[in-house]
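First up is the structure itself, then whatever we jot down about it.
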Amino acid sequence: MTSTRGVSNDCKNSQLTSYPFPYPPIEPYREGYLEVSRLHRVYYEISGNPEGLPICFIHGGPGGGTSPAHRSFFDPVVYKIVLFDQRGCGKSQPFACLEENTTWDLMDDMERVREAAGIDRWVLFGGSWGSTLAVAYAQEHPNRVIGMILRGIFLARESEIEWLYGRNGAAMLFPEAHEAYIAGLPEEVRDSDDMIEAYYNLLAQENNSEERRLAANSWSNWERTLSTFPRPERNDDQTADDGEEVKSDNGDEENLAFARIEAHYFFNKVFLKEDGYLLKESQMRKIKHIKTCIVQGRWDFVCPRKSSHDLAQMMSPDCVDVVIVENAGHSTFEPGIEAALLDATDSFGREFGSLRANR
């Protein structure tokens, strides 16, 4: 049967040092841009061991981005660490652009990054939306994937999107914050039955209006509210979603990219062929044999436990390990989540570290 185990939120990785992570801050030895379309340039970087086990960090959102802290989840002696900013995100250009920006485009970009990095096969590491993109990419390119380390599973089903943004999901737990979320819309559309459509119609506009700015900030604040458990009274360094530095004092530009791209994807049902597409038997058959570790916070209000359960049930039992972190929520950097992810990268490094996937 599927291996499922629980850990407490105060667990610590045995390798913890005076650094904020077990592995010291490092700089990329290579970085640059890839021209992936007539419009988009995608930023990517490579750090760690040039001859090491390749691993691809897939950030969340959609609309998030990478940060230097993400490199520190991986032993730089063992891993060849690849980070990239998805279209419209982070350092990629043009910023917050919705044109030519779909899940299928992002998967194609990952292939271009892999080829540019001289990698044949790699491990995928992604949380929240990063887990969605990892699963989708693995289903399209199973022969390019050694294994997956996933956190806070999001499978892009309509029920998951409705839970997050509708009136009868997470809003039932955080009514005050949801009222503030609704208040980010112009008064004449606050009674809309489809909050995502109402937000998308405003955020997708090209004019840099005050209404669009307020909507972007309200959208981002709502997701930030749900991202950590237990909720601190105040923590300006609180990270949201998958660890992209979504701080409470984020600038308008960062909030705009996050909200605009996320609304674009969710309004368009993440551009998948049908509801539940990733969990279809025909799709899961392609990846059920791939070694996978799933790390899930018990009190994840953004991506509830049910999704990680459903994904694990579709995998081969001897290929998936589910780690439930009790008293933890959604954020990558909550102590229990962080420690479980570090344990997973260390475990994968021991199991697959002898592989040198460079061509």
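Using N, Cα and C of the backbone, Cβ positions are placed for all residues, glycine too.
Per TrEMBL, the features are:
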- SER128: active site, nucleophile (ACT_SITE)
- ASP300: active site (ACT_SITE)
- HIS330: active site, proton donor (ACT_SITE)
- 54-334: domain 'AB hydrolase-1' (DOMAIN)
- 227-251: region 'Disordered' (REGION)
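Distribution of TrEMBL features across the structure.
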{"residue": "SER128", "record": "active site, nucleophile", "Cβ neighbours (10 Å)": "31"}
{"residue": "ASP300", "record": "active site", "Cβ neighbours (10 Å)": "27"}
{"residue": "HIS330", "record": "active site, proton donor", "Cβ neighbours (10 Å)": "30"}
Measuring Cα to Cα, tell me the gap between SER128 (active site, nucleophile) and the residue listed as 'active site, proton donor' in whole angstrom. 8
Rounded to the nearest angstrom, how far is the Cα of HIS330 (active site, proton donor) from the Cα of ASP300 (active site)? 5
